[in-house]
Every structure is written in structure tokens, then in C-alpha cells.
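Asker: Please find one structure pasted underneath; my questions will follow.
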Amino acid sequence: MPTQQNYSDYSKIKFVIFTLSILTFIFAAIGGSIYYFKVRNSLLKETRQRCITTVDNVNQNISLFLRKYKLAVKTLSNLEEIKIFFINPSHNNLKKINYILDVFSTSFQTEACYLMDIHGNTIASSNRHTKHNFVGKNFSFRPYFKQAMQGKLCVYPALGTTSHKRGVYFSAPIYGKTLSHPIGVAVIKTPIEYLESSFLARFPGIFFFIDPNGIIFISNKSKWLFHSITPLDAKTIQKLKASRQMGDGPWPYSGFKFLKDKAWDKSSKEYLVFKKEISFFPGWNIFYLLEMKYILKNLHKPIIEIGGPVILIIMFLIGILVYFLSKIAHKELKKRELVEKQLRISENKYRSIYHKTPAMLHSIDRNYRLLRVSDFWLEATGYSREEVIGKKLTEFFTPSSKKRAEQRILPIFFKKGFLKNFHYQFVKKNGEVMDILLSCYGIRNEHGEVVETLAISVDVTERLKEQKQLREAKKKLSQYSRQLEELVKQRSMEIDAILRYTPSIIYLKDKQLRYKLVNPGFEKLFQVSNEWIQGKKDEEVLPKEIAIQFEKNDKKALQQKKYIRSKEIININKHSYTFWSIKSPICTDNGEVTGVVGISTDITELEKTQKKLKQLSKNIIKNQEIERARIAKELHDELGQILTVLNMDAHWLEKKLKKIDDQAASRAKLMQQLIDKTIDEVRNLAFQLRPSTLDHLGLIEALESLLSDFEKRTNIVYTFTKSRIPELDDTTTTAIYRIVQEAITNAIRHAAAQKIDISVSYNDTHLQIRIKDNGKGFDTKSNKKFSGFGIVGMKERAELIGGKVVIISKPNKGTEVICTIPV
């Protein structure tokens, strides 16, 4: 039996055990509670961090996904075939454009790729064979069209007005030969459903992509699409309807209520809310809602399954350690949370960089077998991942590149662990050969051996072609430069010779009419030097009268932006010179005026000669008219009287012979008729040489007499329209009469006219005579015909009295002679 002491000790032990049990229970309960709440808080914190990472990853992945479409539409807008089509929209060019749009649509898995003209009309589209064909539709109201026409790239999510499908529109301007104004717009529409199925479907929570007006545009729960996250006021609704970005409505309120990082729906379900602005769509936000019930389920389920007796036994056994374990667990959770966070970030970054970066990345082992390849590597080469993983990289090289890589380059790399800019040729799936620059870094094991590579390949095919073209272009440019230098040298010598030895005076001025250059002729005339006159204006170097004359004509050429001709009188050194001057503006290729050049030719002697010739012509014509008048008078007075007497004698002879010989009387009668006809011819000839009506009655009556005479001798219809004219001198009257006479004669002889209209009009300063026929006309550009038909004589007569003659004629359109005389 146990002694009292032993009993006491036993009781104490029981008490201690009981006390320890109670304490263990209490501590276990307390520890369990503390552990539960610690784990709960840690789980919530971990869940928050995981959700934040999820939201960041979704944002980054979607941005990376959409960025390729932005690059794609930019590439599409810069294609030369696209620009050619806008310049020449032929059927063949349209077929090429349709093929390109189809390739882009298939390659990037878009809903549609299409082109719009400057009015917003769709002129080509990849969905032209579908029921939602865009061709012929006008989308000028869309912001992506307006921004593209302003020269900007645009990304615009919206509900399609034709297809009624959600999508993201990527637009880019299309430029022609210049970059001043777009000639059209290229658009790529990618479907939203792919984003939802690829990036959002696998997450347990609810994703909302919300536009600046609070409308849910993208979600992994379709029932919330086009609901508003908050109640909409009338102004916002009107704005939404006007933009048509979210369709025509309605946009019912979703019923969610938000408070800080939590939200409750209509059924009072509680959610953790994670919000982030979408980097690719300014003003848009991502909302990620995770139900609290789902989060706590991961905590309660293990406790419930393990619970009961096992938990009580464990609580009794480890109760005293719970507190310490909770402390240790908390620390461990902290460490693990930190490590997992860093690992997750690192892993996501590596995976995102490796697969989404626009570069050809791959890894091989020591046997040169491919372990990993990036998405861009597959896209560039045309192979699928299953076709290349596990195969030797060198199997895809050209024979020469394979031999050099396996025998020399790769063995050296696996020794050194580094390689830079190794050039080789890669054979794509379609048989095309790519020129590649390879740089790689070796990943070593614990023994320091290179067991794997991280390599980046750069496609330099186009670069090498461009370098070759550049070398050829440089060679041609060098050759052209030498030729140009020789040509410039030759032209400079020719221009210098022209400036030096031409008898004309030549000067060059800037836009402010300051002298930049004068030739020796200018220097000699005005007694100045080229060096001294540079930078000076006319009033600084020339007499006032000459300076005003030069400046006036130079300004006129600059203002009109075209060359002008003028006659300039220069009085200098007690001499008077007459110059025929041409003033021409100097313009750049874009039409900007930079100066003016003047070339003046001395026509002083020519003018004197022309004046002498005019005076000589005037005297000749005057003497011709005097001689005509003298001959007409002699014909009328002397020969006319003789013929009259002879006619009277023939008449007397006829009467006498009738009584003696009838045959002789008949011959006398015939002689009388011949004499009468000769008298008419003599009178007509005298009239043609100098009509007496011109001397006694004036111009109008003389013209009427002339027309009456022509009417008798031709079958042509004449009309004469006249007005009152002032009294004219004999020279002017004669000249006008001869011009009209010559014009009518030409119409009768050469034009085969049926009708001739003559008009004489006076307007206080000028007398104008028009002779118009309906004959066959002629080409006034033909110098041979234009200089004939007495036209030169008509013009000379008009010029002698200070007037001018203008001939208007076209083949089969008749001829009109217009004579204008100053009075």
C-alpha cells in the first residue's frame, strides 16, 4: 500500500496532472482560438495578396495580349500594298488587300480587319463574306476613326453596331507619300470572349472590367454584362446613348454596395474587393470580387474533418505547446508568405518575359536538344512546340551552319558558358531561310558545368538585306555625287560665262529686295561693283527714278509669284536706254519665295529701228494710197471719157450701117456692148483702187458701198451693224477701209463663207470693227496659214494708226477679225 506520503505525493501528482490537464485544456483552447484567428487572419492576408497578384497578372497579361494587336494594326497601316490601294483602288489591288486582311485576321485570331477611307466608309474587310459584313458601313462617328484621322493610334473597347458583339478596336492612320494628312484608317477588332475564356474563366471570384461611366463591359460572369456598378443619373445615361460605345441600353444597376475593400450584393453576400486601374485602357478599372464564404471554407473544412475526439486528444497532448507552436507557426507563415510572394513574382515575371517578349528565346541541353522555346520563337519559325521540343536545334540549321555550330561554336560555348552574336541560317517550316544572330548564357550545375542555355535569337534577314541595299545605295550615291559635282562644276562655269559675257544686265535679290549678285553688264552700266552692292537696296545705289521703277516691278513679281515682262526706260549718264526686262521670283520646292532675279536686255537700237520701219511702212502705205487714188482718177476721168466717146461713136456707126449693111451693123452693136462692159470694169477697178465715197461721204458710207459692191458680185449674205462714230482723219479712215476690204476678200476667197457680219462700234475711247464669217476657219497655231491671207498687212495697217488686229478662228468654226483703234 502506498504510504500517506506517497498518497499525498500521488494526490499532488493527481492535482498537478488535473491542474496540468485543466491548464492544458485551457491553454489548448486558448491556443486553438489564437491559432484559429491567426490562421484566419493570415489566410485573409494571403488571400488578399494572392488576389492582388491575380489582378496584377490579369492586367499585365491582358495588356501584353492587346499590345500585339496594337503593333499589328500599326504594321498593317504601314504596308506598302495598303498605301498603293488607297492611291489606286483598282480591282487587282483590292484582291491583294483582301488577302492581306484575311492573313492578318487569321494570324491574330481577330473578329475583323478592315480599312476605312477619310469619310469613315469601310472599303475592305476580312469579314466581307459573313452576315456581319462591314464593307460599305460608315463608322465615322467612332472615336477610334476620329483619333486615327488626327494621326494617333487608338485602342477603343466597344459593342459593335453591326455585329452586336463586344470587341476591342485598334486603329492606326494610313499615310500616303507625305505624312501631313492620313489618306485612310486601318482597324483591327479582337473579340472580348477570348479574353474572358483565356484569362478570367479559371478564377473562382468575379471579374468586372468597368468603363469610366461605371458600366461592366467584361466579366467572367455573363449575367453582369452591361450592368452599372453604381446607379446612373440621367446625364450619364444620355452620354452613353450618344456615344453608342455600350450599345443602346438599358444599363440596369447591379445592386452591389461597396465600402472600402468589401462589397455586398442584393442577397447580402459579403465579398472582398480588389480594384486596379487598367493600364491599357486609361480611366477603366478591374474589380475582382471574392466571396468570404469561399475564403473561410478553406479554413473550416480541415478543422471540421479532423475535429471530434482526435482534436481533443491532440489538444490535451499538445495543449501546452500550442502557444509556442502558434508563435513559431506565425513566424514560419510570415517567412513562407514572404518567400512565396517573391517566388511567385519572380516566376510570373520570368514566364511572362520568356513567352511574351517579342524575341526568339530558347534553351538547349548539352546534347543541343531543345528544352524550351518562347511563343515568339514558334511564331517566327512556323513550327509548333510539339514539333521542336526534344529535337536538336542544329537539325533546323542549313548544312553549312549546322557543321560550323556542332564542330566549333557550341563546344566552345559549353566550355566558356557565354556566346555573343553567332551568325547562322535557320530553315523555317515553310522552307524559307532566316539569318539569325544568336547570343546565349550558360546555366551551371553545382559542379560548375554548363548544363543548359538561355539563348536569344534575333532575326536579321531583313537587316542584312537592308545593309546590302544600303551598301549598293551608298555606292550609287557616291557615283551620283561625283557626277553631280562634275555637273555642278560644269553648270557653274556655264552660268559664270553667261553672267560675264551676256550683253544683258542681270541681278539677284533676296526676299527683302537686297542685292545678292550683279553681273558685269550691271556693274558697267551703273558704275558699281558686285562686292560693294551686296546687301544694299535700290534706293541706296541707283537714281530715285530708276530705283522706284526696279522696286515696283520686283515687288510685283514677288507678289504674283510668277515672272512678269515690262519695258523699262533708264536715263543715266546723259543717255536714255530702253530695256526689255523679265522679273522672275525664286521659289523653293514647296512654293516659298526666297528672292527675285532680273534680266534686262537693251532694245534701244531695236526700238529706234522699229520706229524707222513703222514710219517707212506708213509712208509706203500712204504713197500706195496716193498712187491708188491717182490711178483711179486717171481711169475714171481720162480712160472713162475716152471709152464714153468711143461708145457714142459706136452707137452712131450702128445707126448708119443699118441702112447699108445689117451684118456690119450687128458687129457695131456688139462693139458697143463690149465698150459698155469695159466702162463697167474700169469703173469697178477705179472703185477698188480708191472709192470716191471714202473721200466725199466718209467711212460708214464707204463701207456700205463696199458691201453693196460685194453683194452684186457674190452670193454671200452681208449684215452691217453701225453706230455713230467721230470724225476720223484720212489715214485712219483709209486703214480701216482696207482692213475690212481685206478681211471680206479673205472670207470670199479662202473661207467658202455663206454669211458675213460686219459691225462698227464706238465707246468714247476706242473704235472697234468686227468682221465675222461662218466659213471653214483655220488653225491660228499654224504659223504658215496664220501668216498668210493678208493678215500681216492688216496687222501692219492697224499698228501704223496705233491699233491692233486680233484673229479668232478654229477649223470648221468660222473666223472673226477684231480691229481696235484708239480714237
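Quick reminder: no glycine exception, Cβ is built from N, Cα and C everywhere.
What TrEMBL records for 463-490, 599-626 is coiled coil. If you look up TrEMBL, you'll see 346-417 marked as domain 'PAS'. The annotation domain 'PAC' is assigned in TrEMBL to 420-472, 565-615. According to TrEMBL, the domain 'Histidine kinase' annotation covers 630-823. According to TrEMBL, the transmembrane segment annotation covers 15-37, 303-325.
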Asker: Determine which residues of the chain contact the coiled coil (463-490) at the Cβ level, with the cut-off under 8 Å and only residues 6 or more beyond its ends counted.
Answerer: 435
Asker: Pull the DSSP breakdown for the domain 'PAC' (565-615) and write it out as helix, strand, coil residue counts.
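Answerer: Counting residues by DSSP class gives 12 helix, 31 strand, 8 coil.
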Asker: Tally of helix, strand and coil residues over the domain 'PAC' (420-472) according to DSSP?
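Answerer: Output for the domain 'PAC' (420-472) reads 12 helix, 30 strand, 11 coil.
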Asker: Work out, from DSSP, the number of helix, strand and coil residues along the domain 'PAS' (346-417).
Answerer: 44 helix, 13 strand, 15 coil
Asker: So what's the average pLDDT for the domain 'PAS' (346-417)?
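Answerer: When the pLDDT values over the domain 'PAS' (346-417) are averaged, the result is 83.
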